[in-house]
Every structure is written in structure tokens, then in C-alpha cells.
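Student: Could you have a look at this structure, given as C-alpha cells, before my questions?
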Amino acid sequence: MSKVEELLDTSLIQPGKRAKIIRTDAIEQKINVYIWDMDETLILLKSLLNGTYAEAFNGSKDVQKGNEIGRMWEGHLLHVCDEYFFYEQIENCNKPSLDALSDYDDGRDLSDYDFGKDRFTSPCDDPSRRKLAYRYRVIAHKYVQGLRTVLDEERMKLWDDLYHQTDIYTDRWLSSARVFLEQSVERCKILNANLASSHELTHSLDSKSQNIHVLVTSGSLVPSLVKCLLFRLDGLITHQNVYSSRDVGKPHCFSLIKERFSGSNVQFCVIGDGWEECEAAEAMKWPFVKIGFRPGSSHKFPGLTLRTVDHYISVIYENSDVAKDEL
């Protein structure tokens with residue numbers, strides 16, 4: 001598999017439908033890997049539940065309303081996790097990523113598999129790990145399909161209404177974060193579309209760079225994947241690019257990501273609100289962009305721009321093109 005295919009997660013594409021790619025600028029092309037925290041970075045949830053978001057605005061935000069919004073999100077999250085993502089069964093079996101147990105998946109046809117009767121237990125032996133790997137495969141498939149294939153019309157409306165209500169309450173934090181992600185991947189959108197739909201395509205990669213988004217969250221893996229779905233990030237962050245650091249720590253996850261996206265033309269940037277990702281980024285000698293939801297914060301949504309993040313990258317990697325743009 002070529003480096004470009006690997007980075008664009010073409011493993012989900014049937015081999016016969018993969019595009020033929022000719023790289024004309026393999027040396028010059030830069031790949032930017034943005035490593036995101038989730039809560040109080042791409043989304044707001046914990047700060048709604050504990051009131052810290054509203055309290056930061058000195059009375060102009062209704063604390064109770066924020067708490068009610070947060071509790072409604074919790075209800076949706078638990079419902080989707082338990083009903084469609086095996087969370088009651090696998091809550092105590094957290095792994096850093098869905099690919100962590102891929103070696104145990106024998107590729108068995110799961111169309112008639114009864115997950116309620118396979119006597120799955122906490123994975124301490126190979127048969128149990130295989131059963132968990134089966135569940136991870138189904139979760140990956142459901143993530144790709146999206147929630148609109150499993151939620152009924154009534155719950156879909158509740159979900160849509162809650163998203164818009166939250167976006168208004170947070171001064172467009174959610175939609176602004178999505179816009180940032182969309183803008184940063186715009187340069188490779190055509191390539192991704194061709195990879196997914198073309199039977200045979202010769203494509204010259206003439207873009208200046210590619211931007212890839214990776215999520216590293218301290219939460220459990222399955223709820224984090226469901227959060228991506230609920231907060232409409234699934235079209236911008238693939239399930240292969242979601243990592244849980246709950247049991248292994250963010251430094252370990254960052255090392256996995258560095259190994260996966262290795263190359264002299266790869267640049268990393270960490271964006272989050274916490275000390276753990278800040279220290280891990282410093283240890284890796286990667287730039288770190290600090291997000292804050294308080295009114296006086298330097299970087300928040302709306303407000304953070306790709307130009308600002310690229311400037312942080314240029315400082316560490318001495319990117320002359322970006323540096324000239326800043327002059």
C-alpha cells in the first residue's frame with residue numbers, strides 16, 4: 001500500500017475500486033497532522049454539565065440552561081452507546097483504538113452472528129479478544145454508515161434540535177469548529193471523493209499540502225466515537241483516527257500516531273485545552289495550541305483560524321512559506 005493510500009484510510013475501499021495515484025511532488029508535498037482533544041476543544045460538554053462555561057461569562061449565560069443542555073447530551077450519548085455500540089457489554093474493555101485488536105479478527109462473516117449469545121467476557125484470553133474484535137469491526141461499520149441509519153425520525157429531530165440549541169447557547173462553538181475542520185481538509189476533498197468512487201483514476205497530487213485530523217481523548221473509546229457522531233464530526237475524523245488515552249496516556253497515543261504517520265514531510269500540531277496534551281506535545285517537540293472557552297481566551301471557537309495554527313507549525317518546523325505569509 002502506498003503512503004498516500006495509507007494516510008487517506010483507503011482500507012475501507014474495495015481493492016478493485018481503489019484509484020491509481022501518481023505522485024508528481026512526493027518530496028515537496030507536506031502532510032499536516034492535527035491532533036485534537038475533544039471536550040472543551042472541538043465540543044463543549046463537561047463545562048456545560050459542571051457550569052464552568054456559563055460561569056465564565058459573569059452572569060450573561062444561564063447556568064441552569066447549560067446544565068440542562070449537557071444532561072440532554074448525556075442522555076443521547078448513553079442511549080446510542082448502549083443500544084447500538086455494545087457499550088453495556090464492553091464498558092470495561094477499553095482499548096486505545098478500534099484497530100488495537102485487528103490481529104484477533106479472523107474476518108468471519110458476522111451477518112448471522114448473535115452477539116447476545118457468544119458469552120463474551122472481559123478480554124483476558126484470545127477467544128474473548130476475538131469476540132471484542134468482532135464488536136469493534138461492527139462499530140467501525142456503523143460509524144461509517146452514520147447515525148441516520150439507526151435512529152428513528154423522532155430521535156433524529158431531538159438530536160438536530162439539541163445540536164442547534166447548543167450551538168446558539170455556545171455562540172456557535174460547535175458549527176465553528178466544524179467549519180475549521182472542513183476548511184482545513186478542503187484541499188484534499190476532491191482526491192478523497194475520487195478515491196471513494198473511481199474505478200481507475202490517474203491523479204496528480206498538485207496540492208501544496210494535505211491536512212489530516214486525529215482525535216486523542218481521555219474518554220473511553222466507544223463513547224468518544226459516539227460523540228463524534230452526535231456532534232457531527234464523523235465526516236471529518238475517520239474512526240481509524242480516533243484514539244482513547246484513558247488507560248495508556250496521551251504520550252503513548254502520540255507515539256502511536258507518530259509511528260503511523262512517519263515521514264520527513266509530515267508535520268504534527270496538537271490542539272487542546274489540557275495540561276496532559278500540552279506536556280505530551282512538548283515531549284514530542286510538537287507545536288501546541290491552547291484552547292480556552294473563557295471570553296478573554298486567545299484561541300477559541302469561533303475565532304481560531306487555519307492561518308493561526310499554521311503559524312504555530314511554522315515556528316517549530318521553520319516552514320519558510322508560512323513564515324513569509326505572516327510577514
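Glycine is no exception: its Cβ is also placed from the backbone N, Cα and C atoms.
Pulled from TrEMBL, these are the listed features:
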{"type": "ACT_SITE", "residues": "ASP37", "note": "active site, nucleophile"}
{"type": "ACT_SITE", "residues": "ASP39", "note": "active site, proton donor"}
{"type": "BINDING", "residues": "ASP37, ASP39, ASP273", "note": "Mg(2+) binding site"}
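Structural setting of the listed features?
Tutor: Counting only same-chain residues six or more apart in sequence, the Cβ atoms lying under 8 angstroms from the Cβ of ASP37 (active site, nucleophile) belong to LEU215, VAL216, THR217, SER218, ILE271, GLY272, ASP273, GLY274, GLU277, ILE291.
Neighbour count (other Cβ atoms within 10 Å of the Cβ, all protein chains): 19 for ASP39 (active site, proton donor).
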Student: Within 10 Å of the Cβ of ASP273 (Mg(2+) binding site), how many other Cβ atoms can you find? Include all protein chains, please.
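Tutor: For ASP273 (Mg(2+) binding site), the count of other Cβ atoms within 10 Å is 20.
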